[in-house]
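Take a look at the structure below.
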Amino acid sequence: MSLSRCILGLACLWHGVIASPLGAVPSNIPIATDLQTAAETVAQPIANSARKLHGKFLHITDLHPDQFYKPHSSTDEADACHRGKGPAGVYGAEVSDCDSPFALINATFDWIAANVKDDIDFVIWTGDTARHDSDEGVPRNADQVLGTNRWIADKMAELFSDSTGRHLEIPIVPTLGNNDILPHNILLPGPNSWLQHYTHIWRRFVPEAQRHSFQFGGWFYVEVIPNRLAIFSLNTLYFFDRNAGTDGCASPSEPGYKQMEWLRIQLHIMRERGMKAILMGHVPPARTDSKKLWDENCWQKYSLWLRQYRDVVVSGVFGHMNIDHFFIHDERDINVGQLAGLADNSIDIREAMDDELSVTGAADYLRELRQNWAKLQPPPTDSKNSGQLKKGKKGRKGKKKKPDVWGERYSLSLVSPSIVPNYYPALRIVEYNISGLEDTPVWRDAAKDAMSIELEQNDRQKHLDLKRQHPSHMEDDDEIDAQKKKGKKHKGGDSKPKKPDFLIPHPPAKSSPPGPAYSPQPLTLTGYTQYFANLTHINNITTEASSALLDHDEEEETWVDWLLRWRKGRHGNRKPIHPKPDPREFQFEVEYSTFNDKLYKLRDLTVKNYVELAYRISKQPKKGKAKSIDVSYESAAEEEEEEEEEEEEDLFEEVEETDEEEEQEDDDLSDGEEVDDDSDEDELETETFKKHDKKKHKKKKGKKRQNKVWMHFLTHAFVSTVEKEDLKKFT
């Protein structure tokens, strides 16, 4: 048997028996064992289809429809927009903890039908299609959770079906959210009743050839452009640190482990077939120095897979967090020794991130991200670091390392804001490069094929035989090897740790060009347009001003209370003046577009550009005054200094200080520098506030410098719901 066939035989590995909640023994997951079979099991293209690729797709997430929502109800926590009198709008209570009224869902689908439907190639739908369990008076039940999911699935199918209503015109790729099950966050290993229900609800979306795989663990993929691009729907609930029903990705008996093995095998097959992949899921692999959303072992494997299959993976796309942002995976955070069992992984100082981020929690999280971004090393460009491009760095044994021109040390994950109006409802249209693909045969809604039935009858013993035949291969890449050795820590004696049964995927061939995540080419993400619905304008609510209440609040309220008050919505909980709702016409409008955003300056969505953006967001004003330059002598150092000065002008702006002197201990996330002509002291100033509207010590107004790209990023993170002056309080 050839080595390539042995490698492909890995498709049958690690799909052993998992006990279901009812004690039933599931069948093995059918996975293609050779390239021909894999190609035959996908939806076949229509040779003469009139439909062409547009180079766009829709990402929609966290709809949270709530059948109990009532307009003009109270936004208090005890009422949750279900009862009482208050400012809940017809289309939702913006900037609150209330869920989405059906009116918002219907209006969103109407807008998509009128403005988006005919211009996109596929839909990525990243879960949470049931309301939160936030009202003790109306607890959730399975019928409600499944009912709203079924309703939205039917609306999706109806919207994107052909004139007969029997076939989808474009593929829709859903995934499970942590609120799409009961109790929320907890999903036991499959097969189970939840996966069985969603197999039926999503029968139009999950390819028949992978139906059994989905029933087994809730993961699958769709070739949205046959033989060119696949969307992988990951069941991130098995990676989620708050899922008490499973235990991460370390043990072969865990569904998280099995899913990672499935993903590794499928990405290998994608590489062999010359295909690319977008990875999507609900819970993102968010991770800072103190917080995390995924189990650490799952995060480590996922990051390693991204690195080793960087020629295949285009990007990661996620939801859940409601805030618009991104994060960057650094290969130097990968601990292969830990994954291989050569290092202690029992100590992890990172705490599980809050299930639902408050404004304060989100601000803290974004500040930590910014701290991490300050450590990034942007890839060299023609105008900067030209010396690094030519010389390179000396690596192990004195060998010169090639400069990382494309930023392949890093990987990218994008997180979109939500439909549920925790801020403003939002959705995203992402564009990708279709150069040379304009006439490519497109996806079609395929009927059940005989091949899927045949795959389901694969013999379990054959899987085990293939597993035994495949030789363990450990990656010999210098950097991976160094990290492995770094993880080896055994004390005393001549005993050596047992060789682990851990397979590290092969990286791209050294002769391979950078993938679409790094170098502009077909299937590279070129940009996106972020849309939002300004519910403050659309709901058109005027509320009563209760001066007595406001005076009391302003006198007693701390800054923490002020931030938490946002969760009651834009209007607090004041009653509307007009008894009957009078909303304006519902519309989504452009919040920003990466194609023309003058501060983000993203030429496309390649990793290199995002690393540069993250680094610019992290920059702090320099202490001291700029040194004068002798124009009579131009050296490389002076040119570099001039470039730095231009960058300073580009990144920072002078703003008036507030009348109030804010007190806070020094930290690394200071965003302002005092500009005082009468003093030589130039210290970075940090901002906070001790009490929201209490009297404070007054000081003479001055000017400070702040990073306008960071402020711009924060504005979009909260979907333009927070005024600039208030954003300063978060920084």
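For all residues, glycine too, the Cβ spot is worked out from N, Cα and C.
The topological domain 'Cytoplasmic' annotation in Swiss-Prot covers 1-4, and the record cites sequence analysis as its basis.
The topological domain 'Vacuolar' feature in Swiss-Prot is assigned to 26-731.
The Cβ of Asn106 (N-linked glycosylation site) lies under 8 Å from the Cβ of no residue that sits 6+ residues away along the same chain. For Asn106 (among others), the entry in Swiss-Prot reads N-linked glycosylation site.
Residues annotated as region 'Disordered' in Swiss-Prot: 375-403 (among others).
According to Swiss-Prot, the feature compositional bias 'Basic residues' maps to 390-402 (among others).
Here Swiss-Prot flags Asn433 (among others) as N-linked glycosylation site, drawing on sequence analysis. Same-chain residues at least 6 positions away in sequence with a Cβ under 8 Å from that of Asn433 (N-linked glycosylation site) are, in sequence order, Gly55, Pro516, Pro520, Gln521, Pro522, Leu523, Thr524, Leu525, Thr526.
Marked as region 'Disordered' by Swiss-Prot: 456-522 (among others).
The compositional bias 'Basic and acidic residues' annotation in Swiss-Prot covers 457-474 (among others).
According to Swiss-Prot, the feature compositional bias 'Basic and acidic residues' maps to 492-501 (among others).
For Asn534 (N-linked glycosylation site), the same-chain residues 6+ apart in sequence whose C-beta sits under 8 angstroms from its C-beta are Tyr424, Glu589. Per Swiss-Prot, N-linked glycosylation site is recorded for Asn534 (among others), and the stated evidence type is sequence analysis.
In the structure as shown, the Cβ atom of Asn540 (N-linked glycosylation site) sits within 10 Å of 15 other Cβ atoms. Here Swiss-Prot flags Asn540 (among others) as N-linked glycosylation site, drawing on sequence analysis.
Swiss-Prot lists 626-706 (among others) with the feature region 'Disordered'.
The compositional bias 'Acidic residues' annotation in Swiss-Prot covers 636-686.
According to Swiss-Prot, the compositional bias 'Basic residues' annotation covers 691-706 (among others).
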Task: Mapped DSSP class for Asn433 (N-linked glycosylation site), helix or strand or coil - done: coil
Task: Averaged pLDDT score, the topological domain 'Cytoplasmic' (1-4) - done: 46
